[in-house]
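Pulled from TrEMBL, these are the features on record:
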- 39-285: domain 'G-protein coupled receptors family 1 profile' (DOMAIN)
- 26-45: transmembrane segment (TRANSMEM)
- 57-76: transmembrane segment (TRANSMEM)
- 96-118: transmembrane segment (TRANSMEM)
- 138-160: transmembrane segment (TRANSMEM)
- 202-223: transmembrane segment (TRANSMEM)
- 235-256: transmembrane segment (TRANSMEM)
- 268-287: transmembrane segment (TRANSMEM)
């Protein structure tokens, strides 16, 4: 006999139980979220308005910044408002929606980072054919492919989750909805669902990491042919991308590529990739990019 859902609303345990600590987190994280939206929004606006930022690299950077805004907005506003709430509730449908969009946008970002690595590989290893290979049509197809890949991944995850019966308890041990904490609340054995989810996420992560590592090994080998100045410029551009990759994949790998027995550490690590990393990406790219800084100055007539 199939179990029916008795749970229509879930309660988050939150990041911390202490009320004063939650107020401190509110004061810290609200400016971080605002900086995330403003910083990434500035990149999107600058790239789309500036006539000097028309290379494929900036098309991908603009897309990445848009994804960062959307991804952060899927989780952080609810998290921040919950820091001031005594009872942190979310509907089951709202929880499933948050899972869908966070996984959707997360994988879009993964694929975009891979695409940006490919762009740097073509620029450094095949400079004479760069504009033919990375035409604007190809760039827009790669961006669209990133969104399609994220949609396919997230659809698989959510189709696995929706049939699960939830009949209580209804307290989710996290500050946002994610698959592993939600599986703990199901009234049925979720071992196979957990394996499929980890395989789905893990496969994407492993393939992406292998592609990224291979790209940069080839790039480093090819840089030996460049002059000292050429190597410096190429490495400067690549360093920004590698930094963002580490910031994204480090915490993500910790959460999704291992079995979880407790969520205490997981929640603290999750804060980094849901709240902090989206703010750091625009800083990393703009501080190391003279063209971007000049375009921003012109945008504000400085």
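Any Cβ shown, glycine's included, is placed from N, Cα and C.
Note that this is a predicted model, so its numbers are computed, not measured.
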So which of 26-45, 96-118, 202-223 is most in touch with the transmembrane segment (268-287), counting Cβ pairs under 8 Å? 26-45
Mean predicted confidence [pLDDT] for the domain 'G-protein coupled receptors family 1 profile' (39-285): 88
